[in-house]
Structure formats: C-alpha cells, structure tokens
4 protein chains.
Amino acid sequence: MSVATAAAFSFRVKDLTLAESGRHQLRLAENEMPGLMALRAEFGESKPLKGARIAGSLHMTVQTAVLIETLVTLGAEVRWASCNIFSTQDEAAAAVVVGPNGTPEAPAGVPVFAWKGETLEEYWWCAAQIFDWSAEAAATGADFTGPNLILDDGGDATMLVHKGREFEEAGAVPADSGDDSHEYKVILDLLRASLAESSDRYTTIGSEILGVTEETTTGVHRLYELARDNALLFPAINVNDSVTKSKFDNKYGIRHSLPDGLNRATDVLIGGKVCFVAGYGDVGKGAAEALKGQGARVIVSEVDPINALQAAMDGFQVATLSSVVDQIDILVTGTGNLNVVTVDDLVGLKHLAIVANVGHFDNEIDMAGLEALEGAERIEIKPQVHEWRLPTGRSILVLSEGRLMNLGNATGHPSFVMSNSFTNQVLAQIELFTKQSEYPTGVYVLPKHLDEKVARLHLDALGVELTTLTPEQAAYIGVPVEGPYKLDHYRY
Amino acid sequence: MSVATAAAFSFRVKDLTLAESGRHQLRLAENEMPGLMALRAEFGESKPLKGARIAGSLHMTVQTAVLIETLVTLGAEVRWASCNIFSTQDEAAAAVVVGPNGTPEAPAGVPVFAWKGETLEEYWWCAAQIFDWSAEAAATGADFTGPNLILDDGGDATMLVHKGREFEEAGAVPADSGDDSHEYKVILDLLRASLAESSDRYTTIGSEILGVTEETTTGVHRLYELARDNALLFPAINVNDSVTKSKFDNKYGIRHSLPDGLNRATDVLIGGKVCFVAGYGDVGKGAAEALKGQGARVIVSEVDPINALQAAMDGFQVATLSSVVDQIDILVTGTGNLNVVTVDDLVGLKHLAIVANVGHFDNEIDMAGLEALEGAERIEIKPQVHEWRLPTGRSILVLSEGRLMNLGNATGHPSFVMSNSFTNQVLAQIELFTKQSEYPTGVYVLPKHLDEKVARLHLDALGVELTTLTPEQAAYIGVPVEGPYKLDHYRY
Amino acid sequence: MSVATAAAFSFRVKDLTLAESGRHQLRLAENEMPGLMALRAEFGESKPLKGARIAGSLHMTVQTAVLIETLVTLGAEVRWASCNIFSTQDEAAAAVVVGPNGTPEAPAGVPVFAWKGETLEEYWWCAAQIFDWSAEAAATGADFTGPNLILDDGGDATMLVHKGREFEEAGAVPADSGDDSHEYKVILDLLRASLAESSDRYTTIGSEILGVTEETTTGVHRLYELARDNALLFPAINVNDSVTKSKFDNKYGIRHSLPDGLNRATDVLIGGKVCFVAGYGDVGKGAAEALKGQGARVIVSEVDPINALQAAMDGFQVATLSSVVDQIDILVTGTGNLNVVTVDDLVGLKHLAIVANVGHFDNEIDMAGLEALEGAERIEIKPQVHEWRLPTGRSILVLSEGRLMNLGNATGHPSFVMSNSFTNQVLAQIELFTKQSEYPTGVYVLPKHLDEKVARLHLDALGVELTTLTPEQAAYIGVPVEGPYKLDHYRY
Amino acid sequence: MSVATAAAFSFRVKDLTLAESGRHQLRLAENEMPGLMALRAEFGESKPLKGARIAGSLHMTVQTAVLIETLVTLGAEVRWASCNIFSTQDEAAAAVVVGPNGTPEAPAGVPVFAWKGETLEEYWWCAAQIFDWSAEAAATGADFTGPNLILDDGGDATMLVHKGREFEEAGAVPADSGDDSHEYKVILDLLRASLAESSDRYTTIGSEILGVTEETTTGVHRLYELARDNALLFPAINVNDSVTKSKFDNKYGIRHSLPDGLNRATDVLIGGKVCFVAGYGDVGKGAAEALKGQGARVIVSEVDPINALQAAMDGFQVATLSSVVDQIDILVTGTGNLNVVTVDDLVGLKHLAIVANVGHFDNEIDMAGLEALEGAERIEIKPQVHEWRLPTGRSILVLSEGRLMNLGNATGHPSFVMSNSFTNQVLAQIELFTKQSEYPTGVYVLPKHLDEKVARLHLDALGVELTTLTPEQAAYIGVPVEGPYKLDHYRY
C-alpha cells in the first residue's frame, strides 16, 4: 500500500465525488489566494523547499489545501493533520489526498490525516501520523525518521515533540494526575504507548527538525515560554505577528465574517439596531466598522484607554456593557478575555437580543453561568442558534453556543485573508529551510522585507498600482528603494 | 372536513414538526415586525376587519405568516396563496394552517394553498382556491361567493378576477394563440374549465370585492393601466409608493441582503474588491452603501443625470460598464431595465468575477445571450452558483442564474423591512374596508398620515425617541401637531 | 452719464483694484460653475434672451456675478440689486459693473445697485432702481418702462411690484399702522413717494413683466399665496423645488459649509465630540453626514416619524434634545422651525458647548430668551463668535448670534452648488421668455427634462460618464432615450 | 528690570489688549486640553517640577501657552522661545508673559522670546535667551547658569547646546564654508560671539541639563544620531513615538485641518471631486478619511506595499500619481519625502486643480522646479493662495507656497490633539526630573503606562466610560488591572 493510499484510507476517501467537489472549490480559492499562487510562479522551478519534509498541523480547509499544494509545488514533501477536531472540510481533504491527477484508488496527492468530527483519540493519532515518515523513508531509501520542518497552528504538533522528548529523557510518562483534562490523558496515553515501542522516537524526531513556523497567538505564547525556559528544541518563526497577518485577518477577516454569521444565523436586519462591541482591538475595529457599514448604531467598550480614545475619535460611543445593556439588540464580544459578558449582562439584554462571540474561547461569555442559571431554558432554533428563555420572561439568541460564531455560523476568514497569512507561512518555511545559520534556536518574527513581500503579492489581484521610490527619495528617507520601508516599531 | 382541514390537506402538512418549527420562526419574526404587532395591540379588540374576507396572494414566508395572523387578529377571515412557485417556506405555511393552538389533525388556522416548488398548473389552481369561499359561506350560512378584499403582490390574483370576468362577459375563453406563453395557456385552461362550470363565477366575485391593496411596482403598473382603460373593477391602493415601503425595502433591504447573498454564495472577501453597481436608484444606493461598508471600491453607472450627480456627490466613480469592465471583481445590477449587462460585458469581466442581479427579472443580464454563446460552458458549483467558462479561457460566477440573488442566494428582505411594507398593507386593507365611500374605483396611495403612522410604529423597537412639535411650532410651519408633516412632493 | 457709469456711481466703485480682485475670483468661480459655463457655450450664439430685460434681486456674490454675466452672454440686459443688506461682496459687484473689458471710469458691465452694509432705506432704493429702465429705453429709443422678467430670491422684487400696483389701484398708500415693522414703513414711504410722482408706475411695470423665477422656499410660499388669492400678476417658476436645487444645496451645501463654519469660528476638534443635529431633512442629513465624516458621534432629533426612521436606519441615535442635552459638545439646528432650542436647553448644555444654526432664521434658537435671561453675560470672542456666560457658571459659544452660521462664520454654499441652482434660474428665465404661451399666469416647477439637464451640465466637471439607454431599454421602461426618466413623484 | 519685564520687553508687549485677547483664547483652549488640566489638578499641590528650570522651544501658540502655564503650576520655572519664525501667535505670547494676574507694566508670567515674523538672527537670539538663566539665578541667589531641562520641538534648542559645547571643546567656531546655508551662518555667528565672551558657557549649560524631551520626528532622528555617535550629552525622551502622539496628531489632526485649510483657502466644494492623497501613513489615512467624509472620491498612492494593501482594504483606489494626474481636482501630499509631486505632475493636473501639502517640507512638491519653469506665472489670489498659470494654458492653485497648508491656510492641530501631545511632554519632563537614575544618557520612549495615562486623561471630556478589568480577567491575560495592557510591539 503506497503512502498516499494509506493516507487516503486514513482519511476515509470513499469516492471521487468528494474529491472533485473539493477540486472545484480549490480552483475558486486559488483565484482568491494570489500570494500563494505568486509563490508557485516565483519558486515553482527553483523549488527552494526540495528536501523539506513538512509536518503540517492546521485546519484542513479549502484554503489550507491551496497552501499544501503550494508547498508541494515548491519542492516539499508534506504530511498533514488538522489542528481542530471539527474544522476539516472533507472535500478539501479528499482533493488534497487524491491530488489534481490522481484517483481515490491511486491517490497522487499528500497524506492527510483529518476528517470532520474526530474524537480526541483520533485527533492525537492523526497528530502522531504527521511525524511518522517511515513510509517516505522506505520509499526513497533515505535515512530519516520524521519531518525536518513543522508548520503549526496552535502549537499542538510542536508540543507533541517537546513532550515526547521530555518523557523519553525522563524514561517514563507520568501517571494521570487526578486534575488532568481528558485531552491531556489522551496525550499521555499516546506517548506512553510510544515510549513502550521506542525509547527515543521523539528525541530523534526533535533532533531532525530545523524549525517550526507558528500561526497563532496561543501557539506563539507557548513558544516564547519554551524559549524563556531554555526548553525550545529548534528555532521558531512567529508568523502571527507579521503585519500582513495580525492586522489583516483580525480586522478585515472579522469585518467580513461577523455580519455574514449574523445573517446566516438569524436573518435579522442589522440596520438601525443598537450593537455593542466589547473590545476595540483589531477584531473589535473590524466588527464595529462592519456593523456601522450596515447602518447599525455601535457602542464600544474598552479597558485600554488608548483603544478607548481611538474608538471615540472614530465616532463611537464608549460605555460599559452594564450601563447600556438594556438598549442592546446585538452583542458582539471580541476581546480575548474571559467573562466579558456575565450572566447578569445576559439577563439584562433586550428581548431576543443576539449574542455573538468573535473573540476567543466560549468563556468570553459566561456560558457556564448561563447553563447553571435556574429557570433558564435552551431551545434549538437551528444548529448553532439557540434561544435561551430567561427567568425574566425575556429570551436571548446565543450563536454557536458562545463559541466563535464567525466559524460556527459563517465560514471563517475568506480565502484572500488566509492567503496573506499562508504566504507568510510559506516564506517562513523557506527562511528556516534555506537560511539555517541565520536562525539559531529562538523565536523570530519574519524580517520586514518579507512581510512587505506578502503584501506586495496581493496587490495585483486588487488592481493596486504601487509607486516606486526614486533613488533620491529612498536616500532622503534612508531606506532602500526596494524596502523595507519602515522601522520595526511603526504601527501601520 | 372543516375548511382548515381542507387547507391543511391542500398544503400537505404531514406532521406537527414542520408547524412547530414554523411557530418558532414566527415568534422570532414577530419580534422584528413591531408594526404588525402594534396593529394587533391597537386593533385587536375593536376588530376593524370583522366581516372582511381577504384573498391573499403573496410569498408564503414567515413574515407573511405574521401578516396573516395579524389580519386574523383584526377580525378578518383569510384564504391565502403564494405569488411565486418557489417562494413558499413550508414551515411557515404549516404554522399558519395549523394555527397557534391547532394540530395537523385539527387545524385551527388559515387555509393556505401554497408549497415550495409548485408547477404552474398547481400555482393557478392555488390562486383559484383563494376565491372559493363556499366552505366559509356554508359554515356560517352566509350569502357570498368569494372574498370582499384582495391583498396582492404582483397582481396575479387581481388579474385572475379581471380576466375571468372578461371572458364570462365575452361568453368564451379565447383559444391559445401560437405565441402565448405556457403560463398564459395554463390560465386560459383554468378559466375555460371555470366557464364550463359557471357562466358568472368571476363576475359575481368581482362584484363582491371592495378593493385591492397592491405591493409591487409591477402590480401597480397593471392597476394604473386598468384604470386608464376604464377596466378597473374596484378601487385599488398602491402600497408600493408609500415612503415607508419604497424608500425602505429597496434601499435598506438591499443594503442588508446583497452582501448576505454574496457571502452565502461565494465566501469571497468583499473588502478591497472593485465592485460595479449598475443603477443608483434606491436599490443601487443600498447596494453601493453596503459594498462601501465592507471596504470595497464601488463604481456606479447611471442613465439619469440627476442620480448620476447624486452618486458623484456621494463619492462614487460614475462610469459606463464597458469602460471599466476589465477591472470588475463583483458586478451588481439593480436597474429594473433589461440587457443592462450584455454578453460582451460578461466576456470582458475579470476571471471569476461575480455577477449578481438585485434589480428585477433575469433579463437585466443577457442570460439568454450567455446561454447561446458558442464555447461557453456552465458548471454548477452549488445550487444557485454557476461558473460559466467562457471562450476567452476566463470564467465568471453567475448567481441565481441571473435572477434576484438576494432571494436566491440569501433570504430576501429581513422581517423588519417587511414589517414596514406589511403594516402599509394592513392599514390599506382597513382603509378600503372601513371607508368605502372615500375610495371610489380608482388607484390611490395611502394618505401621508398613515405612511407616517407606519414609520411611527417602528420607532420604539429601535429605541428612537421622537420629538413632539409644540402647538406654536406646528402653527409656524402650518401643520397639525400630530402630522402629516410634509407636502406630497417632499422627497425624503 | 451712461447707464453703466450711473451704476458704477451707485455702486461706489472707487478704483480698479476692487474690480480686478473680483475679476480673479470670478475666473476661479467660473471653473466651479460648469452649468452656467455650459449654457454660455450652448446659447452664446443663439442668444435666446435677446430682448429680455431682467431685474435681478439676489445676493450680489461672486457666484451671482457669474450668473449675471451668463445672462448677458445669452443676450439679456440686466439690472441688479442684492436681496440682503449684508450679503454683497463688493469686489464681485465692482467686477460686474466694470465688466471684463471696462474701467471704473468707463464701466462696460451691468448696473448693480448693491454694497455690503446697506441701510434699509438704501436697500429699498436699490430695489426700486432695478425697475427703472428709463436710461436703457432712452439709450435705444425703445418704448418700455421697466423689465420684462424678474429673477428673484426671497420675493422682495416681486412684492414691490405687487404692492406698488395694489396701492396705485387703491389710489393711496396706507398710513403706517402702529404695528408695522421698520422695514415695512420704509417700503410704504418708498411707494408713497412713487405714487406722488406717478399714478401708474408699478401698474405699467407689472403689465410689462412676462414672469418671475424664484429661488427660495420663502419666496415660493408667497407666490403660491398670491396665486391662491388670484392676485398673481404674471407667471412664476418655482426654481426652489427642482431636484437639482433642493436636494443639492440643502444637503451637499450644508455638508460642506457646516464644518467649515465650525472650524473658522472655533478651531475645536470635531472628532470624538458628541454632536446633536436637530432635524433630519436634507439640511440635517447633510449636517449629520459631515459631522460623522469628521469622527463625531451624532445624535439626531426629529418630529416626523419617517425622517426619524431614516435617521435610525442610517445609524444615528434619535433622541429629544432635552434628554441628552448635558452630553452635547456641538448643537446644530437645521429645522426651519422656531424655538427648536429653548433657553432651558441652552442652560443645560455642557460647558463651552457650541451652538450653530444652519436652518433658518435666528428664532430656531430662542436668542430673545437668552438675551432676557437674568445673569447671562455676552462676551465677544471675535466677530460672530460669542461666549454667553450663564447663571449656572457654565458658558456656551453662540455662533453668528444664532443666525445662519454657514453664512456668518463660513462663506455659504460653494460655487458648484450654486451653479446647480443658478442653471435652473437661467433655464427658467429662458422658458418664461421664449415659451410665453405655455405658461399662463400661475406657479410652475421646471419640467423634469430641464431639471435633468441641469444635472447633466455638471457631470463632466466631476469626470462622470453617463450611460445611454438603448432604444430597446427606453421602450422597456417607457421613457424617451434622452429622458425625462422618472415619474414626477419619484423621490431620488 | 525684573526678569518678566525683560521678557515682556523682548516680546514687545505693547498693551493689555493683546494679552487680554490671548487670555480669552487660553480659557477656551483649556476646555479643549483636558490632559493638561488634569495634570494641574493631580500635581498642582505636590509640584513635582519644583526646582525644574525648563528651556522650552516650541511654537508659541495658544495651546503652548496652556502647556507653559501647566509646567508652572507643577512647580517649574520656564523660559520660552518659538521653534519657527512664523508660528508665534502674539496674543498667546502676550498672555503668557503678562500672566493671569499681571499687567504689561508688571508682568507676572513667564519670559517668552518669540513674536510672529522673526528674522533668522532674531530667532537664534531668542533661542539663546532661553539658556541664559542669570537673571533667575541672581534673583534667588542660586548657583546655576542655565536650565536643567529642555522641552524641544525639532531639536534646535538641543542642537545649540551640543554645537556650542563642541566648538568650546575645539576652542574655535569654524569659518563659514561656502556651502553653508544662511541659517547655519547665523548660528555660527551667534556661537562665535558666545565663545568670544565665554570659553565654557555651553559646556557648563550642557553639564547642568538633566535631559530633553523631544516632540517631532525630525528632532528624534537627530537624537538617535547623536546617541549612535556617542555624542549625546544627556538623556532624551522621544515623545513623538508615544501612541497618543504619533497615532493621534498625525491622523486625527490632519483629518480635521486638511478640509479646514482647503475651505479657508479656496471655498471649493470638496464633495464629488477627485482627490489624490500621496502616502497612506497616519497623515494620509487622516487625509483620505476627511475627504471621503466630505463626499470626495479619493485615490491614494503608496510606496510601501503594506500600506498600499491597507488603502485598498479601506476601499480606496491605489494608483501612481502620473497615471491619474489628469483626473485630479485636489492633490494632497502627506509623505514626508521629497519631490513626491514633480513639475510634470503639476503641469498634468486639471485646470485650477488645488495642490496642498500636509506632509513635511515644501520640497514634497517640486516648488523650485515650478518656479524655474519657463512660461509659468504666479498670481497671488490672496495670501497663501497662488494661481500658477502654466505654459499649457491651464492653471493650478498652490496653497501656502507648497508648505504645510494645515498651518498656512488653517490653524494647525486643534487644541484637543495638542493636549495629547503636550500631556506626553509634561509627563516626560516629570520622568526626567524625578527619576534621574532610571534614565542614563540615551534615547527613550515614555513607558506604556504613561502613554495610557495620557489617553485616560482625555476620556472624560468625550464622555467615554472605560471598562475596568476584574482581577480574574487581568490575571487571565497576564496584565495588571491598572495596565499597561499591551506588549510593546502592539500596533493599535
């Protein structure tokens, strides 16, 4: 059984229909991901990733499929898992497995270990598969065990290697403490089984890895902690803090997907409504702009006085939630903090007010408190849309059970936004693979000229004509003609 | 078999699930239709429509269900059909038939003759059913044949009565001419069968009718033609030209549903895109505002220099379609005219440009020409979203096969917008029923004080506090304190 | 002494400097008045106004100078007065009197009777001069007494003729009643002197006049009253209600001049401020848009529920003034009504809140009440900007003493807006002069095709490309290819 | 003669009128500068600047007067000069010199050496005066020569000390090289005279100075160069890069003052016009928003692809100047670079296009090239507004001779914006004076908690209610409850 067939099996591709549907969607998405397509054009021949063995752990969506095929076009071998048990789009996975010219029987694509609705046990089994490159080694007679690069989103793949090595060094996997989460127990079981089979699997794998590129705030946070504790095994590039990532997907992604999710969930007219946006960071800025653009009246809350002043200067009323709660038709939270919306707030809202989280985990809203509220009753209007009847006699509509509604009620960030993020990922992979000496173990952001390059690759698609500095002008402001143009602390 | 049971049968209600789901949706919609709910509160006891027998022909949606139950609350008896073969929401119809306290076995609601996906024969059979009040007459021992009011959308119900009477007067239904549309043949067959059964059915029905209230531009146009030709059988109120109808559903409805439809259909990021909006009437104004609110660059076209100047003063580039066609990512047409987008225009668009009609019939875009274009190929991406591969090697994405995409790819006007339109309908029904002497046969718009009343009933829901004129102020500008406040030609 | 010399004398032109400065400004204004310049190009040779003798009464500004010279280019003879004692720009008047090729000693322009800061006696003397065409008659040997057309703004010129004729018919000018305003006494004195000289001067003048075109709401109101009372002496065209007048100068003029006036008066940052706009008609819409565009938070008040609903749908909070008065930084009134802002409101404002009237007379704000308020003290910060110290210890800043601050603190409507209004005026003059049979005595609005023409003449200057209907499209919507395109009740 | 009298003399205060007028304006400005007033309230008793001797060099405007009196309220002694020969508002200077309770004969304020329209020789004489504290030393018997703090804008004061000390160390002031600017010769002359009088004046002064706080990009740039070259004599705080400075005055200041300047200069309607904004940094963002807010169509140019992508995502067309030059009505440049607008561009503009610089020096526009253009003629329309007739027959309107038109044609940043900047200045002065050990020689930005404090002090005035983190929330995101809230690289 070929590697790809195994992957196909693992992925449970049943027939060509799914893959063909996925292929159509890939084609449309490619048109919206000009950054990735430009990298294919620029590097498709020189193949700077030839020799790269990439273990990818990132939502297995149509956009990720375009990313994976870009990595392959640049010469890389790839194995892939999702980083979330629900986020896989099966048709995208199928298309990637089958490949542009393959069939379900003779898949010619990339081994993908992901399907929509994995159990936690399945999820971590999939994660382990992206580190098992024995089939690839056997196929080529090469002498390696695992990947030499990780492309990560949230840090699960990176964590698996670090934990695996840690327990191998200790010679034992700790027993479950009573307090461990179910998920942590699953991980310990997996690594316990691995240790029983091999005393140095993850030690070897870790030693082969040249670095990791990480997509998210959470994953980056873990990396800085590892670095601070001198526990980081290999260099890491923090893709999250590229301007073309953080200032684009947060702001412009939410501007797009918040109203989209509200509409799909409720069909309620946004115009004329009183909307409250908790938080005026990039997410809140995008949310507020979108709602204003639909004719809503927007009230904002903030804890940071600088952001609060920005909100005021942008024309928004800035108030605490509790002081205006009884005027609110649509409540949006985008802070990254917890308990931003309390049960008291929920109970105080207008009848049938809509509650939408676009920030972070479901704990932005005190969903646990709502569930524990005596006399509250939950009625499913449709999947991801629940009416909660409150003891007051009023009801509220909670979207996606308090989780990210732009994912749960809409389809997350559009392709064009993801193209910016993923172009950063690919450039970061090339950096780590081709300039190893420049990146000793540590955590880095991409150099600004690459951040600018990501932007540059997305201009043509929008019909943007860039102006070129004259040498005289470049000298006058002390930058190269071709950039980078700004100091590191420039805020955009 | 009771009337309601017959209706239940005609509607094919199978079980309570559908009706219960509809009932949930009605409850949510009621919260977004404050105008109708206010009329229930104001007139629920006095029941000004007691004795009214209303034949309704209007899309059988959740919003219409709220309208129907409002009419019933005001004392009317109602029979209903949809005015479009596809637009019925079955759960809404089921809920109306079953009624708030009924069951599928013992329906206690309103006879509804409508289901999603009727044939043309079924459609016109349903239309005929709303004029057959024999069961109601029998149940009460009353002496009537049909309804005494029509509530119409598009004019099909009104036309059926006029044509029926015309052929009864002529004593014969004409044979099909070779050129008749299939639909017209279906109508002729229906009326031929009617004439075979009764020589004066529609003559009698027509004589019982006190008037019609009409919702749409098209229907109103037919009414003015009938009046001009002295062929109008009863008075008509043109609800379409109430300010709270035409300036609200066109502008604010489209502002809401255009981006909604684009998102559901394609998930393409609107921000940064070049969007073209053909027409800067109320529909175009709403479309342009929505796209601008999402960060698109909007170019507008116009034939009327006044509207063109408005577009320019609102900050939009105004250009002909052909002069900028190769820059367009999203092409929106909202003119009410035909062939606004030609095949040449379609062929000239950017690769995978999106083509969306929010104006009128599918002939706004030359779909027939596209279908006839040699070398063009149509690929279904998903229902209502088709890629057309063009001989140029480029493709375009056509939404809803060129028909109204805010209906086909989204869910049409939201409840709050419809509440404005339907509150006009109810007030117009009350006018015709209670002030017959004030409306001799002819076509009328609602008096301005009622138009203002419609607006007034929607303010509380949005937290709007209205200012009241002092008597001194009212005298100064020469209006009553309670309105109406403006001259008829005021443009808002 | 030539007529022009007399005018120059009356106007008090002292030297060429003033005229030259005016000439520069005219040249710049011409560039912003494409409608008038297009009329010069279209009609400069055919001279449709040849034989027209126009008595103009309209603010003698730079823009009016361009209007006057356009009338002359089209063949008319013109005499001019201002319609306001303060609004004359002396350099504009000088330039018109001297003419493009004249000198102060040998003026070759138009007799203008207007200067900045007239007394009421001077004002009405000037008004009388535009009806005295004896010099022109003598110069040409022609047999006429006065003008054959009036171009009016506010109706003073029209009123003078009507009153003059009325008293001549009665044979006497009434004595001053005790209640007459000072201005009315001045008028009676003037007409008494006239009657002493001639028993039929204004009777003759009135009989020679073919019609009047009137610019303003107030003037139009007087004309409709005269027509209603069968007292109108000649036909009148209501230019005020052309779409290109009322929807343009109210909305876009105020959008421009409100922030301009605020800035010139106070230099206070508008961004972040809480602004209140009383009235959401066209003036209020323009004001609200301008303030929002500067990053202010805008609250609106309305008495008309339709306009209130529009404000809400446009994203504004709608509240009564008294309910939010203590939050307001900038209070704008644009209603056309009186006592919209009471003394209680003024006293309740934030410290140093700015009070700005862009609506109507100074009675929009209860200035009389403020002046009478015990303990209130008025301090001039600079001309047209007064701090009022209130008994509360707080102060407010009142602009232009409660009068129109877009005139008092800024420079009124910009040339481009006035070009729209004045192009309507010229077309209306041509209508009355060339199509006398189509306008029996009565009050008319300009036919829609001319309204559209006005818009059309302003498109090129903004780079607007208009789309042309195909004959098939025109037939489909039932309009001529070249327009007019809309029914009369269309609201734009 | 007392110190204050000397200052009054130097300032040329003639009578009380000027000071009283300034005092009125100060009172209004204080209301718009809540940050400074809050510092007076917080520190007015503890007087943390007691003992501070501040040499200030910053535009002597009304806002600066509020700054100076704040420093005095906090305990400092102050001497002041302007940093620009034209920017002094004489009434503000007079008010500061006279002081709240003084008279011209017995001034009780601060010695100010500044008047509108200084020669370069006068300018540098004034600059030298702020370092001569002999009168103050004599008055108190204290043992010092000069100030112990500098508050600088542009770095002239700092440069004078550094150059003075450099030449004293060298023992001689260099002779004028042929290439030196006139201004540099003036400086050399001044220091040559000083050296003739004293061999160590600036060496002594430099040794007494605890630090400098610097306001501008240019000044900060010089400081970083000095630090890099180990030539910096004392610590410096870069106030320019506080978020509440750079992100506020650039963006919100320009948003306010660009349309203000356009209106005062030209009265041209902005709505509907095609405006071009060169540069989409903070200045360009503010400019583009302002013009869009007035209904203009805005085209943007950029050299940095990230900013270009932002412009596109914000809905603006992005093009090179030369590609659209013939469509432009209003050309705005805000880049900080030179020759952004070439003579070819100027010649290519539409007739009477307006050219406005809000970026930097007059070399943003090639004014030298324009002056050298054969056949070009310059006509003064009014001060700061010039028509340039071009050889093409077209003209353009150049504002403020190509210099910053928001200063030349309007009144610069409004008080509220300056309050943010100046509150940073005061806090920076306190830091340097009270925490000397924390600031060894080097260049610093203000700690984030002070940046946040500046914002915090401006919230109440705008009615902003801030939300407070719970301890649980603060712990969750790892920040103190009272802030600072963000990492240093956060971009806002």
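Each residue, glycine too, has its Cβ placed from N, Cα and C.
Annotated NAD(+)-binding residues in TrEMBL are D:THR216, D:THR217, D:THR218, D:GLY279, D:TYR280, D:GLY281, D:ASP282, D:VAL283, D:GLY284, D:GLU302, D:ASN337, D:ASN406, and among D:ASN250, D:ASN357, D:ASN363 the one listed with them is D:ASN250.
Distance noted between the C-alpha atoms of D:ASP249 (substrate binding site) and D:VAL283 (NAD(+) binding site) is 9 Å. With an 8 Å limit on C-beta distances, none of the binding-site residues from D:ASP153, D:THR218, D:ASP249 reaches chain A. On the backbone, the CA of D:ASP153 (substrate binding site) and the CA of D:GLY279 (NAD(+) binding site) stand 24 Å apart.
Taking only the Cα positions, the spacing between D:GLY281 (NAD(+) binding site) and D:THR61 (substrate binding site) is 26 angstrom. On the 0 to 100 pLDDT scale, the domain 'S-adenosyl-L-homocysteine hydrolase NAD binding' (D:250-412) averages 97 in the predicted structure. Look at the binding-site residues D:THR61, D:THR216, D:THR218, D:ASN406 and count other Cβ atoms within 10 Å of each Cβ; D:THR218 has the fewest.
For the binding-site residues D:GLY279, D:GLY281, the greatest number of Cβ atoms within 10 Å around a candidate Cβ is found at D:GLY279. Cβ neighbour count for D:ASP153 (substrate binding site) (all protein chains, 10 Å cutoff from its Cβ): 25.
D:LYS245 (substrate binding site) is 12 Å away from D:VAL283 (NAD(+) binding site) when you measure Cα to Cα.
D:THR216 (NAD(+) binding site) carries neither a helix nor a strand DSSP state and counts as coil. Of all the binding-site residues in the record (D:THR61, D:GLU215, D:LYS245), the one with the smallest CA separation from D:ASN406 (NAD(+) binding site) is D:THR61. Cα spacing between D:GLU215 (substrate binding site) and D:GLY279 (NAD(+) binding site): 22 Å, rounded to the nearest whole number.
Under 8 Å, Cβ to Cβ, and six or more positions away along its own chain, D:GLU302 (NAD(+) binding site) finds D:GLY279, D:TYR280, D:GLY284, D:ALA308, D:ALA311, D:VAL318. Taking only the Cα positions, the spacing between D:THR61 (substrate binding site) and D:THR216 (NAD(+) binding site) is 16 angstrom. In the structure as shown, the Cβ atom of D:VAL283 (NAD(+) binding site) sits within 10 Å of 27 other Cβ atoms.
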